[in-house]
Structures are given as C-alpha cells and as structure tokens.
Amino acid sequence: MRWSRLMSAALRPKSFPFFPYTNLSFLRWVSTGATRAPPEDYLRFFFRSAMHSSNHHTDYELALVSALRSCSSISALFQGQQIHSHVLKSGLGLNTYITNSLISMYAKSGFIADAQSLVDSCSRLDTVSYNIMIAGYVKSGQLDNARHVFEVMPEKGCISYTTMIMGLARNGCWTEAIEVFKDMRSAGVVPSDMTMTSVLSACSHIGGIWDCRMLHALVVKLLLLGSVFVSTNLLNFYCACLSVGDARILFDEMPERNIVSWNVMLNGYSKAGLVDIARELFERLPTKDVVSWGTIIDGYVLVERLSEALMMCRAMLRTGLRTNDVMVVDLVSACARFLAIAEGLQFHGIIVKDGLDCCDFIQSTIINFYSACGRTSLAHLQFEIGIKDHLASWNALIAGYTKNGMIDQARQLFDEMIKRDVFSWSAMISGYTQNEQPDVALELFHDMIASGIQANEITMVSVLSAIASLGTLREGRWAHEYIQSNSIPLTDNLSAALIDMYAKCGSINTALEMFHRIRDTVSTVSPWNAIICGLAMHGHAKLSLEIFSDLQRRRIKLNSITFIGVLSACCHAGLVEAGKRHFKSMKNVYNIEPDIKHYGCMVDLLGRAGRLEEAEDLIKRMPMEADIIIWGILLAAGRIHGNVEIGERAAESLAKLEPSHGASRVLLSNLYADAGRWDEAFSVRRGMQILRMTRSPGCSGVV
C-alpha cells in the first residue's frame, strides 16, 4: 500500500480534475475517448486508480491491459516493468489475457529476450501468445526464431499465417512467403485482406502473369476486391508483369482509389515506355504528390525525352513542391547521359540550395555528371569541397578520370585511397582495359585478389575484356574458374564477356558451348551479340546467321551491335543481297539508325563482291562523312578487282583526311603496279620516301 501511495503521488498529473479514482471512473475515462491524451498521462492515471481495484476485478484486468498497451506505444519499459511487478504481487500472473499483454509490451519495446523468458515461464500459452512472439521476432529481424515459433505452435490461424507471410515478404524471402501461403490454403485457413496484400507484394517480385491472374480470381472469390490495399497491390502485380492493359482494366473497375493506386498505374505506364498515356493519366490525377511528379519525370527520362522531363520538373517546382533525392539523382544522371551541361549546372544549384549535396550518392552523382560532360576540373573541385569520407565520391572521380583517358590521374587518386572497396578496384581495372593497357589491368586484378577483396560481376567483365585483348586463353580459363568457384552471378553481361573472351582467344567451340548453356535463360541481347560476332569473326557465317534467325523469333530487343555481327557474317559468306536486306531492316523494322561501322561493313561487302560503283555510291549517300577506314576498304577493294579509277579516288580522299597515311600509299602503289602502270607506282613510292612515310609491320596478338 505504501508503494502504491508513492507511485500515486509521483505520477499524479496536476491537470486532472478531481473525482473519485475508482476502476469504474478509470474505465469511463478510457471509454469517453480520453485515451487520445498522451500515453504518459494515461499511465499516471492508471497508477492513481490502481489501488481502488479490490472490488471490480474484470474492470481492473481491462485497465491493466490498456496500461500495458500504452507502455508499448511509447516504449515505456520502466513503467511496464512496474506494472509487471504489480501483476505478480496481485496474483494475476496466471491470467493469460494479462500475460499476453506483458509479452506484447516487452516484444514491442524491443526486449524480445525478456518476452521469450516470460513465455518460457508460462505453463499455459494460447495462439495469441505465439502470434505475439512471431510478430516480435519478425519486427526485430530474427526470422529463424520466428520460423521456429511458427513451426512449434499447436494451432495456426489467419493471424499466425499472415504475420509470418508479412515478415518473410518484408525481408525479401518472397518464395518462402508464397510457400507459407500455400500451406495456409492447404490447411483450409481463409486469408484476410492483410494476407492477400502481403502475398501479392511477394508474388510481384518473382511471379508471372498467370500467378497474378490466379490470385486475382482468389481475391474476387474472397470478396476482397473492395479493399483499396488489396486492389492496389494486385494492380502493382499486373504492372510488374508489364501487363498494363489488364492493370488498367482493374484500375478503372476499382471502387475506391487512393493516391498510391494512381501512382502505381502511372508507374506501370512509365516503366512500359508508354509515357504519353502516362501523361494523360497524370493530368487526371485529383491530387499530385512528389511521387506522382517523380514518376512522370522518370518516364520521360526512360524514353530519352529529357527536355519534357525538365519541363515537368519546372512545373512541379512552380506548385511549391521540392525535388527529393531520388528525383535529383535521376535527372542529374540523365543530364550526364545527354551531356546537358547547362541543365545539370542548374540542378547542381538546386541541390546546394536544398542542402542535398551532403548525401554521398548525390555527391558522387554530381562528380559523375561533370566527368561525363568532360569537365574533369569541375568534377575534381566537387570532390575537393565534398566530404572525403564518402568512398563513393572517390570511386566516381576515378571512373571519371578513366573515361576521359586520364589514367595516370586516376591511378594517383587510387594510390592515395586509405580504404578501397570492390568498386574502387573495378573502376581502375576497367580504366586500364578501356585505355588499351590490358596487361596492367590483369596485374591490378591479381593485386586485388591478393588484398582479400573478392571480385564481382562488374570486375570480371573488365578482366575478361582485358584477357580477350591479349588473347591469353589460359588466363581466360583461370578467370572462368574463379567466377565459378566464387559463385559470382552469371549476368547477361558477364555471360557475353565469357563468350567474347573464348571467341577472341581462338576457342570458338567453347564459346558456342557456353552460349548454348545460357541461351534460354538470358533476357538481353548481349550474349547473342557475342556469339553472332564471334562466329562471324571465325568465318562461321552460316551458323552465325542461323543463330540470328533464332534471335529474331524471341522477345529480345536487338541493338546496333547485333547488326555489326550479322553484316560481318554476310560479308565473310559473300551474301550481298542478304546483307542489303538486313541493312535496310535496321531502320525500317527495328528502328536502329545505322552508324559509320554498319556503312563500313556494307562497303566491305559490296567491295569484296566487286560491286565497287555501288560501294562508292553508298559512301556518297552516307549521312556522315566517311573516315579513313571506309576509304581504305574501298581502296583495297579497288586493288583486288583492278579498278584503278575508283582506287585513285579512294586514295585521294584518304590523303585529304590523313596525308601521312602510309598504308594507303602502299595500296595505291600496288594498284598501279598490278595494272602495269609502273611510272605511277614508282611516283607514289618516291613520294613516300620524300615524306619519310613508313608502314607499320603486321603482328599477331593470339597466344
């Protein structure tokens, strides 16, 4: 009693009106909405009413439970422990209702071990006790303990399954969450709206369109389609499957929509590249938040319509909303890709004004932007004024130097680093590979392994590219074994690098075997490009074109590199008409604009076939100026087919582009000699001697 009076005096709120502090008055206070008061006042009132509880035991139990709930809401462990002591002193420790409230208080306050100790000391537990522990373990990230409690509990209800599914889904264990849901259905437990929300969220990461439609049918059967949370997650699932048509039907039929529903539909259109439809939906939005604006801006960025993305950003700023960190990174990165220096500078000003420049990923994005635009001095200045503890900034500047050919500056910065991660090493290795120093790249890679840093798929792509440049097959096989022994994920880019490495190292059969193992699992065109180009390079034109035909039947987007391999294959096989057909299909069918390399392949194809006039006419109709490679191809074809006139014109064009190009003079001299025009041949050779022009000797890089 003395302890109670002390507690009552210590916790007595001065603002409370005076009335008899009985259990009944306490409950009336709770029932009239007084629980909207601060939880601290609620606890004070409980302790003041605690000693007047001798008669109304049921009321008092409810008061205890309410007080413990308040302790949980504000993590008031000390007060909760006082109530716990009072429960034990009052002989209510065997009351399951109160015991569960105590377990919940400890679990929600983050003291899961104390909650478990209380569970272990109880002789009687019900389903609620187990559910509380599962939720507590899930909240604290102890999934193994949650799984154990879930497995040993005698009876599982909807709350048990839902809690477990939610915990697994939130921790990325999507497959396991779906398996628990299947067990739930097998056990005959009816899912709730919360269950379906979590299951749909998990399935959206790994499921396909048929899983989505089956769950849609189940939602309809359970009469849960009216729940905005269930419908929105189902909508997100359809969008994740790129089935925006089905998503729109569902969206239009939803009885209730919130801002999240609108944003999910908007994001579905944007990610599918249907930005114009997304814009129409955006204009209909009753209320637009930062996510809405960010989604439509990102949609324009994805389809490379930067000017419209910037226009939408300005419109957003005029509404009074501010950019967030995600939007800023997206737009500055887009400015880097499009080399939009003026717009990027404006965003840099916004970043500084909003105080976002202290974030490590934003600082590194700014450095990357200036580097991409060739302003390495500004990139270095941003690095110097930024926070030096951000490792990402060091890596961004190293990558920026290497992309601009400043490999020595990159190495100096790399050597100054106190701490390096795998991205630091990868940036440096990639830099040496791109700057035609593959031997140094491989040396650095071995230093990285010796330092205890494990390579990732990005590192290995650069390493394999370096090996391909050197043609060292033994080193390539060792790198392949390293990938396998360290369980490095075989991404599409890494698969393509392996195929390319084996092809360039002379082992085309191994490259082909590698391709056949992964052909049905890849989703991008990179591995297909590698084998098509590799086979064409080795003279297997027929097989190269067969694989290209297989590629055309798949839902994989082709790119310009694909047609480099295809045209090269046609060139090796002398398939002029097929080559012309594929060249025309680039723009007409696949909307790919041919570049100078594709025109070079066509000039080579026509030149080898002796159709020199047609090749020369193609050069004249090119949308860009021909370079020394194209004129050299035509000159070589002129010599092979003895066409002196075209050879002379090609040599003249070559001389205009590069007067000191010795190889072209040698070809022209040989052309004259083959035609029996010895005076002209001697004159060309004499001119080379006067200008002291030399021709580099040939060499082989294959080991």
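From the backbone N, Cα and C atoms, a Cβ is placed for every residue, glycine too.
Residues or ranges marked as repeat 'PPR' by TrEMBL: 126-160, 161-191, 258-292, 390-420, 421-455, 595-625.
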In the same chain, residues at least 6 away from the ends of the repeat 'PPR' (390-420) whose Cβ sits under 8 Å of its Cβ atoms read 360-361, 363-365, 367-368, 370-372, 374, 376, 379-380, 383, 427-428, 430-432, 434-435, 437, 451, 453
Other same-chain positions with a Cβ less than 8 Å from the repeat 'PPR' (258-292) and lying at least 6 residues past its termini are 228, 231-232, 235-236, 238-239, 242, 244, 247-248, 251, 298-300, 302-303, 305, 316, 319, 321-324, 327
Secondary structure split (DSSP) over the repeat 'PPR' (161-191) reads 23 helix, 0 strand, 8 coil
Taking DSSP H, G, I as helix and E, B as strand, the repeat 'PPR' (421-455) contains 26 helix, 0 strand, 9 coil
